[in-house]
Amino acid sequence: MDIKNKNLTELNELCKQIRERILEVVSQNGGHLSSNMGAVELIVAMHYVFDPDSDPFIFDVSHQSYAHKLLTGRWDEFSSLRQLGGISGYTKPKESKFDYFVAGHSSTSISLAVGAAKAIKLKGENRIPVALIGDGAMSAGMAYEAMNELGERKYPCIIILNDNEMSISRPIGAISKYLSQMMAGEFYQKFKGRVNQLLSYIPDGAAYMAKRFEEGFRLITPGMLFEELGLEYIGPVNGHDLADLISAFKVAKSMKKPVIVHTQTIKGKGYEKAEGFDEHWHGVGPFDLQSGEPKKHAKRSATQIYSEALLNLAAKHKNVVGVTAAMPTGTGMDKLIEAFPERFWDVAIAEQHAVTSMAAMAKEGFKPYITIYSTFMQRAYDQVIHDLAIMNLSAVIAMDRAGIVGEDGETHEGCFDISFLNAIPNVSMCAPRDEQSFKDMIEYSYVHEGLLAIRYPRGSFILHEQFKDAPKISRGKSVLLRENKNAKTALIGYGNGVGRAYEVSIKLDFETDLIDLVFAKPLDKEFLINLAKKDKIWYIFSDSVKKGGIGDILSAFLQENKIYDVEINTFEYDDKFLPHGKTPDVEYFLGLDIDSLAKKILNDKKY
């Protein structure tokens with residue numbers, strides 16, 4: 001959509017239409033609402049001042065990119081947002097040439113902008129990278145690593161800081177407000193450059209005094225940090241005033257330097273129920289536009305079970321501590337932080353720091369619970385090895401959102417943790433099958449010596465109370481949930497895969513043995529060797545990738561124990577990234593729904 005010839009009135013009307021479209025679709029499909037509603041004017045101004053055909057538009061995390069999608073030819077397709085085969089909720093180059101880079105994890109945008117700026121310079125092109133990053137993403141060290149180099153190299157680059165919670169800086173009284181407005185003006189930027197030129201002609205003493213005055217001046221302005229890093233600073237700018245935004249972006253573009261444009265916006269702008277700081281409206285399911293109430297009431301989730309179980313554990317043991325990285329509500333850790341603020345912390349987007357700080361607490365005799373989404377644990381892999389495993393410390397890594405996460409898609413799938421953690425010495429891995437086993441697992445985790453990784457799904461467990469009388473958790477022990485003495489086939493489940501195996505066994509009239517592996521590491525050697533003597537065909541059910549997954553782990557076990565007469569078939573994910581869409585739709589697409597799985601086993605005619 002070409003908007004460069006529109007006047008201000010027309011642009012404001014366009015912003016209104018974009019908000020209406022976002023509300024219409026997100027209320028039907030779910031998605032990231034408040035961040036997108038708050039960024040509409042920013043993105044319209046970006047498209048007005050810069051050239052989306054040539055300038056790389058880089059969205060940090062990119063869950064604020066809906067307006068960008070609507071402005072780049074996806075208005076009609078937008079109704080398929082986050083559906084299987086439809087528009088992604090994040091930027092995706094395969095979807096549109098206007099999506100410069102895949103995004104979904106935080107704080108990558110400035111590094112990408114630096115790399116793009118280097119490439120543009122080497123190619124001798126007249127383009128400029130434009131990165132849009134939120135104040136939350138600015139809490140991660142990677143953003144500062146990138147700004148540190150950018151300030152040194154001075155590549156032309158625009159960083160738009162979307163400060164939608166005012167957590168970085170607030171205007172300090174009338175003086176600061178005046179200075180901020182002045183700094184956003186073209187006159188000030190030209191004046192500042194001219195003054196710097198004139199200062200070079202002043203005698204050394206006077207120049208030194210002028211320099212000290214300038215430093216003092218910056219101490220009472222919000223841009224001090226960024227200017228100390230070597231970046232030019234414009235702002236704060238009202239992120240909902242198109243005239244101010246366009247003016248500030250034009251000034252930034254003309255400077256041919258690395259520039260931070262600090263904008264302040266309101267999350268949820270334009271939808272009264274979402275305006276402000278309510279985290280509930282960040283990511284939402286389908287909801288009623290009039291009431292704001294969700295259209296479906298979710299079943300009791302694994303996250304709720306974990307939160308309540310850990311709350312009970314922390315009430316009993318004063319050495320239980322915990323941390324999450326910018327996901328207190330999503331992980332259920334908000335309840336712990338509220339109940340025990342001196343023992344549970346949200347450290348913002350800082351997974352590496354979260355792990356290492358808890359390692360020191362484990363060393364001091366505390367029992368840390370590091371509660372992070374499976375996909376984000378990838379960001380702290382080195383710290384798990386270097387600071388927890390090598391030290392052989394007793395801590396718990398609780399990984400929420402393991403397996404298919406549905407609509408968020410490939411950047412958020414929690415399917416790699418088994419593979420990357422299994423390779424690390426001194427790590428034990430287990431997964432609950434249902435609510436009762438999860439509660440037992442949390443109780444067990446407190447007495448477990450060493451590093452224990454627990455994975456659990458987004459949403460609810462497939463199983464409920466079918467096996468409430470099963471044995472309690474014991475280190476490295478698997479459980480035979482249902483035995484068929486005549487069977488030669490075993491369905492082996494891990495985590496939520498046990499529920500899938502159980503439902504398949506119903507389709508097969510229970511003519512198989514049903515096993516809950518419980519521990520992927522250490523394995524229950526005696527149990528598995530005895531199982532191999534009876535059952536010669538094993539079907540594996542796990543929400544994980546095949547490479548390095550449960551099937552590979554069990555195949556390696558059989559090889560190591562010289563057991564060559566057992567056939568393993570694994571229902572895990574192939575070596576490709578998973579599509580976004582509702583979880584049942586994705587499972588059906590992959591052939592991992594219950595009917596398809598049962599049919600595959602029946603067609604084998606071996607069981």
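For all residues, glycine too, the Cβ spot is worked out from N, Cα and C.
For HIS63, GLY104, HIS105, SER106, GLY136, ALA137, ASN164, TYR271, GLU351, the entry in Swiss-Prot reads thiamine diphosphate binding site, with the evidence type sequence analysis. Remark: GLU351 (thiamine diphosphate binding site) has ALA325, ILE372, PHE376, MET377, ARG379, ALA380, GLN383 as non-local neighbours, by Cβ distance under 8 Å and separation of at least 6 in sequence.
The annotation Mg(2+) binding site is assigned in Swiss-Prot to ASP135, ASN164.
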CB contacts for HIS63 (thiamine diphosphate binding site) [other CB atoms within 10 A, all chains]: 24
Longest CA-CA distance among HIS63, GLY104, HIS105, SER106, GLY136, ALA137, ASN164, TYR271, GLU351, per record bound to thiamine diphosphate, angstrom: 32
For GLU351 (thiamine diphosphate binding site), the three-state class that DSSP assigns: helix
Inter-residue Cα distance where the pair is ASP135 (Mg(2+) binding site) and ASN164 (thiamine diphosphate binding site), in Å: 7
